[in-house]
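**Student:** Take this structure, written in structure tokens, and hold onto it; I'll ask about it next.
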Amino acid sequence: MAAYLISFIWVSVILAQKSMGHSLFACEPITLRMCQDLPYNSTFMPNLLNHYDQQTAALAMEPFHPMVNLECSRDLRPFLCALYTPVCMEYGRMTLPCRKLCQRAYNECFKLMEMFGVPWPEEMECSRFPDCDEPYPRIVDISLSGEPSEETPLAVQRDYGFWCPRELKIDPDLRSSFLGVRDCSPPCPHMYFRREELSFARYFIGVISIVCLSATLFTFLTFLIDVTRFRYPERPIIFYAVCYMMVSLIFFIGFLLEDKVACNGANPSQYKASTVTQGSHNKACTMLFMVLYFFTMAGSVWWVILTITWFLAAVPKWGSEAIEKKALLFHASAWGIPGTLTIILLAMNKIEGDNISGVCFVGLYDVHALRYFVLAPLCLDVVVGVSLLLAGIISLNRVRIEIPLEKENQDKLVKFMIRIGVFSILYLVPLLVVIGCYFYEQAYRGVWETTWVQERCREYHIPCPYKVTQTSRPDLILFLMKYLMLLVVGIPSVFWVGSKKTCFEWASFFHGRKKKAGVNESRQVLQEPDFAQSLLRDPNTPIVRKSRGTSTQGTSTHASSTQLAMLDDQRSKAGSVQSKVSSYHGSLHRSRDGRYTPCSYRGIEERLPHGSMSHLTDHSRHSSTHRLNEQSHQGSIRDLSNPLAHISHGTSMNRVIEADATSA
């Protein structure tokens, strides 16, 4: 009783699957020569072994022909015919062969099958069939219902849908599907392109990946040379570059691997062709997918965070330190969201090999995965990023127009806005092209697949599409454009860090010099004192400019210089005296007789007051060094004791020579 129940459930499930994917079926006369002399003459297709017609069933029975011709068992031919061309008892009802019939055929022909190298298929295991009292359906049952009635057509032309060829079938444990059919995988090489086209595309992707890898690696190394140079709001550019550096690295690895990871090897002995790798059973393919998908999504999220930091700096006027306090939240979002999506795809077993680029990704053959895990995140990032970017640029432009700034700050602000605009365009244009390619691919995927089935149905011995109205093949340029724009997206980061300062940093790095701490020009625009006051002040409050001790023409004023000199502490005055002494000693030249003379005598004479040259006698020249040391020592003590001493103007050389002439 239990065996009958299991058999009934098995047949019901198979019929339910057929009714969901195909049209209604009908009884049809048996055309197989091997099954012509049986007590029944009509069968039901498709059968229990997923053969959609009798021609396909005949091809599947060919390996058993030697055993049937040698008559290893008189029950083998009835058993095969009952399984491959089952008797049609009623419309939509099939009768399974009995277990005893299967066991006798297997026991008597097993050794001969081993000799011919013919395996006993798993779907023909005797335990799957019911334990009948009679090994075969009774003739009475066959004669009553074997002839087709007027209500049941003998055969109709109908749409069978896609049936997976034997060459493309895979292990059921892999839980993969192709064109809606389980345990089936797409063929390798690619379904739509020739081998020479695939070879050209692979080299094209390899060259572009090297260019992108070089650009993003240069950006990252520039950041490592001077970590303090790139702070918020522009720090996300570095992480954005790191993401696309990893993306380009994975594509370069795929170029080196060719299709060794993206495709499963062929097995001619089991009639298995090379198929696309699907699922997480291939560890190398899984690793390539995880890194590629994770960093692709993380790169787009970091671009959104970059627009957020620009928005915070331009609209609410946040400073670099305030934005940097949110760095933990930025990192949690940029790495957490892609990580969650990657884990979900791993759990759903949506990994697919790409036999064009040699990597593994998602949505290459599954339109639903492409729509929800690739297109949706990218479109959301573009909408949010563009909105924040436009808001920030509009705010900065309003500052430039409404608030009066110095010409230098105006130029810096305009330059900063231009850099933001150019960088955003260089990112958005390739990304929008990639999204457009994905939308086009999603819209025409069904037409391409139908065309492929139409062209290969006779080769694979599967049913051809019924009433095909549109056929089309994809152009290789579409896929090349998609891969090109996907990699070019990472190159704009090098334009942001590319400047004269970067060249100086690399030159200093190669020469082993330590670079002085500086402020990046793009960040300095938002931190300029006058510019920051203009951003943070009340629009109705007038701007009060404070003097820094120098005029706009760059000339020193007497009042400001004197005031700054009077406010210096004693330590700075002592250092000033030391600098005077060292300056004078540096300007003296020692002659052969041991005397020290000024190096530029003519220049000193021109700078001295009228009549002062007459006091520079030979005696004063001999003792100038001695008096200089004594007067410098006395002057330094006198200066330290009187903090409000008068500071004379002129160069240190003039002051020292004037004092020497007076004492003489």
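Yeah, the Cβs are placed from backbone N, Cα and C, and that goes for glycine too.
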**Student:** Look up ASN41, ASN520 in Swiss-Prot and give me whichever carries the note N-linked glycosylation site.
**Tutor:** ASN41
**Student:** Between CYS35, CYS126, CYS132, which residue forms the disulfide that Swiss-Prot gives for CYS98?
**Tutor:** CYS132
**Student:** Just checking the record here: does Swiss-Prot list THR56 and PHE416 under the same topological domain, which would place them on the same side of the membrane?
**Tutor:** no
**Student:** What does Swiss-Prot give as the disulfide partner of CYS102, choosing from CYS72, CYS126, CYS164?
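**Tutor:** Among CYS72, CYS126, CYS164, the record in Swiss-Prot lists CYS126 as the disulfide partner of CYS102.
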**Student:** Let me make sure I read this right: Swiss-Prot says CYS88 forms a disulphide bond with another cysteine. Which one, out of CYS27, CYS35, CYS164?
**Tutor:** CYS27
**Student:** Looking at Swiss-Prot, which one of CYS72, CYS81 makes a disulfide with CYS109?
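**Tutor:** So the cysteine paired with CYS109 in Swiss-Prot is CYS72.
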**Student:** Could you tell me the C-alpha distance between CYS98 (disulfide bond) and CYS126 (disulfide bond) in angstrom, no decimals?
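**Tutor:** Approximately 8 Å lies between the Cα of CYS98 (disulfide bond) and that of CYS126 (disulfide bond).
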**Student:** Quick check for the class: what is the C-alpha distance, in angstrom and rounded, between CYS27 (disulfide bond) and CYS35 (disulfide bond)?
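**Tutor:** So the alpha carbons of CYS27 (disulfide bond) and CYS35 (disulfide bond) sit roughly 16 Å from each other.
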**Student:** Could you pull out which residues elsewhere in the chain have a CB under 8 Å from any CB of the topological domain 'Extracellular' (258-287), counting only those six or more residues past its ends?
**Tutor:** 166-170, 174-176, 185-189, 202, 346, 349, 351-355, 357-360, 364-365
**Student:** Tell me the Cβ neighbour count for CYS132 (disulfide bond), meaning other Cβ atoms within 10 Å of its Cβ, over all protein chains shown.
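**Tutor:** There are 18 such Cβ atoms around CYS132 (disulfide bond).
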**Student:** Taking just the CA atoms, what is the gap between CYS72 (disulfide bond) and CYS102 (disulfide bond) in Å?
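**Tutor:** Roughly 13 Å, rounded to the nearest whole number.
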**Student:** So are the transmembrane segment (374-394) and the transmembrane segment (288-308) touching or not, going by 3+ C-beta pairs under 8 A with a sequence gap of 6 or more?
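**Tutor:** Answer yes: the transmembrane segment (374-394) meets the transmembrane segment (288-308) with 3 or more Cβ pairs below 8 Å.
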**Student:** How far is it from CYS126 (disulfide bond) to CYS88 (disulfide bond), counting Cα to Cα, in Å?
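**Tutor:** It is 21 Å, counting Cα to Cα.
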